[in-house]
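Taken from TrEMBL, the feature active site covers SER157, ASP311, HIS341. Under the heading domain 'Alpha/beta hydrolase fold-3', TrEMBL lists 79-226, 267-344. Marked as signal peptide by TrEMBL: 1-21.
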Amino acid sequence: VNQPAKLRLVLTVLLGTAALGRILEKTGLCSQITFGRYVRQGRKLGLDPKLFIQDLQFNEVPVRVYQPKATSDGRRRGILFFHGGGWVFGSLDTYEKVCRYLSRESDSVVVSVQYRLAPEHKYPAAYEDCLSATLHFLQNLELYGVDPARVTVCGDSAGGNLAAAVSQTLAGRSDLPKLRAQILIYPGLQALDFNLPSYHQNRGVPLLFRERAAFFALLYLNGDALHMEEVLEGSHIPPDMRLKYRKWVSPDNIPEKFKVRGVRPLRSTDFIAEVYETVKRFCEPNLCPLLAEDSVVHQLPESFILTCEYDVLRDDGLLYKKRLEDNGVRVTWYHLEDGFHGIISLYDYCGFSFPSGKRGLDSVVNFLKSL
C-alpha cells in the first residue's frame, strides 16, 4: 500500500476508534480514555533471541530493561526511554518493538519507563516518575554493565517533553554521571502558542490534531480540558508574559522554508485572567521545557532532534533546535519531509509501518552509535 493510501487507512481507523469510544462513554460502558488505552495497549511479545528482558521497579516506578545477550568488550551505552501518548496513553507494551529495536541495533541497555498517566495523575506525576527512574539508573549503572559516560535520555512526543525536562533538571548536577545526550523525537515543548505555523498547516493531519494537542496538555496539567478553546486562541497568557517569551516562542524564529505552505495571520485575542489562573503552570519549564532560561539550556548535553513536516509539533522542535544552537549545544537534526506525528511508534505495528518511520528510527540508532 502506498503512503497516502496507508495514511488514509490510519485516519479512518483513528476516527472510527474515537467514534466508538464516544459511543461506549455515552452508554456508560467505559470512558473514551479507557477504551483508547485498550486499543493502543499493544500485545505481549515472545522471547527475543538477542535480548534479556525483565520488568523491574526503579524507585517504585515500573520499568522494562532490555539488555543485549551478546558479550561486550566493555560497558554499554544506557538509554532511558520515555514513551509518547499525550501523557494519557501508552505503556511498556505499546513501545515494546521500538525499544527492542533500539537495544538490538545500537547494542545498548534500554530502560523503558512506565510513568503515571493523566488525567488520573496530573502534572508533575509523569515528570517525577521519569526523573525518579533516571536517578535510580544513574546511581546503579554498574548493575547493568552501563558506561557512566554514555547514558542518554530519549522520548517521543510527550516522552520527548519528559526527556527534555529531565535533561534540564540534571544539567547542573555534579553528584551524578552527566547525561551524554538527549534524543527528542517530535517533542511537544510548549503550551503558550497553539498558533505557530505547523499548528495550522497540519491541524487535521493524524496522528495528532491541533485540538488534541491542547486537549492532552490540559489533561496533563489539570486533569480536565476546560478552557480548551481559550487556550487554542491564546487568551490564556498575559501580554507581558507573551512578550517575555516571544524571543523563544515566535514564528520569527522558524526558517522561512517551513512557512511556504501558508501561515494564518494571528488574530489578537483578549487575555482572560481567570483562564490564566487555571493554566499558569504552563510557564514552568518542567512542563514546557522551551521556556527554560539560557543558564540552564547552555548546560544541556549533545542533542538529537527529529521533526516531521506533517506534524503540529514540528515548530516546537525547530524552536528548541534554535535555542540549543544559540546556547552552544551541539545538535543533530533529522527532518522527515514525508513524516507525520507518531510515525516512529507505528514501527512494525499491525501492518501500519511506514518506510519513513523506519528511516527515522534508524537515524536515532545511527546517532546512538556515534556516541
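Glycine is no exception: its Cβ is also placed from the backbone N, Cα and C atoms.
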Neighbourhood of SER157 (active site) by C-beta distance under 8 A, where only residues 6 or more apart in the same chain count: GLY84, GLY85, GLY86, ILE185, TYR186, PRO187, GLY188, LEU208, LEU313, HIS341, GLY342, SER345
HIS341 (active site): tally of other CB atoms within 10 A of its CB: 27
Same chain, 6+ residues apart, C-beta under 8 Å of the C-beta of ASP311 (active site), given in sequence order: TYR186, SER198, ASN202, VAL205, LEU208, GLY339, PHE340, HIS341
Arithmetic mean of per-residue pLDDT over the domain 'Alpha/beta hydrolase fold-3' (267-344): 96
